[in-house]
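Below: the structure, in structure tokens.
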Amino acid sequence: MFSASMAGGKTKKEKARPAGHTPYQGGISFHKSKGQHILKNPLLVDSIVQKSGIKSTDVILEIGPGTGNLTKKLLEVGKRVIAVEIDARMVLELQRRFQGTPHSNRLQVIQGDVLKTELPYFDICVANIPYQISSPLTFKLLKHQPAFRCAIIMFQREFAMRLVAQPGDKLYCRLTVNTQLLSRVSHLLKVGRNNFRPPPKVDSSVVRIEPRKPPFEVNQKEWDGFLRICFNRKNKTLGSIFRQKSVINLLEKNYKTLQALNLAPAQQGALEDTNDVMDFSDEDIEMDDDGVDDGMEVEDGNAEGEVSEFKKKVLSVLKKAGFEGERSPSSNYSNSWTCFPSSTRMRVRLDNLVRHVDGFPILLSNASLSPSLLL
């Protein structure tokens, strides 16, 4: 409880507001724990709308509209706005704010968790989101069909810089590769924390995401399993990583599983039904954190026979692609890496290359490379 002064020197006792709640002049309290930070700078709102490149014919998806400051500007430039909001109080505020205005018939408000909501068709997404859903929301949007033109999203600054990082950058990581495999990402502007009510503890950035068309066809679970291996020891070369016993054993296990299933390389998408028997995670990989890999490497002696031969085949794939000496932070996984003529369907990227041993995909699916070239 705390007291407020009144006329005549009397005091009026008021209830203390719960921690993490910030009052709004309209009577709504914002919940920091839910990531509710409302844009209050009108110049910033105008800048975001301008940089979005919205057309008058666009259907706009807005995620986390809050009290509608950005929503109002979007309605002024687009054809229609579909706003997804989880907080019932904010939904009522939006309905109250736009009821009876010329924009009311062009605003559709969906109450629900955007991660669990089936999204309708939209041309462009503009969002100031709770930062704790940044990663799952990004990939939900990138999987959405039909593909939208672009998304303009406010992220926590460090997350945003990971999205736009380039090979060799300190922040280049699995998130970078996975996002840039599916989209083109660019940084639009940095946003200071004082532009929000209540102010968050970190700065933010607005990022533009444009889905690649057509989308790159890859089994995302298998691809991410491969990246987990590559980025588990970012200071090591790919050649060193793929010499380790734990990695070789994992790949060999998948290889033997495919052999047992008698899958031919030409069977496009054949791996879709094998995820439950194949291991694409890094849970079984125990990386040596002391910087010494010798004890983790598979030797080439007769005792290791079959495993050694498998290891040689895996490393030969890396060598042919020219990636044996590359390190994950400096390897451009998302851009094209060509090692064979494209005219014969042999133009490949690393994600289409490392997976092949004897024509079997050991990590990924959708093979397009002749198996004879990898022997």
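Including glycine, each Cβ sits where the backbone N, Cα and C put it.
What TrEMBL records for 1-27 is region 'Disordered'. Here TrEMBL flags His37, Leu39, Gly64, Glu85, Asp113, Asn128 as S-adenosyl-L-methionine binding site. Look at TrEMBL and you will find 44-213 tagged as domain 'Ribosomal RNA adenine methylase transferase N-terminal'.
Here the features listed in TrEMBL are painted onto the structure.
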| residue | record | contacts (Cβ under 8 Å, 6+ apart) |
| --- | --- | --- |
| Leu39 | S-adenosyl-L-methionine binding site | Val45, Gly66, Asn69, Leu70, Asn128, Met154, Asn195, Phe196 |
| Gly64 | S-adenosyl-L-methionine binding site | Val84, Glu85, Ile86, Val114, Ala127, Asn128, Ile129, Pro130 |
| Asp113 | S-adenosyl-L-methionine binding site | Ile86 |
Number of other Cβ atoms within 10 Å of the Cβ of His37 (S-adenosyl-L-methionine binding site) across all protein chains: 25
For S-adenosyl-L-methionine, whose listed binding residues are His37, Leu39, Gly64, Glu85, Asp113, Asn128, the greatest C-alpha pairwise distance in Å: 20
Within the predicted model, mean pLDDT of the domain 'Ribosomal RNA adenine methylase transferase N-terminal' (44-213): 94
Neighbouring C-beta atoms (10 Å sphere around the C-beta of Glu85 (S-adenosyl-L-methionine binding site)): 24
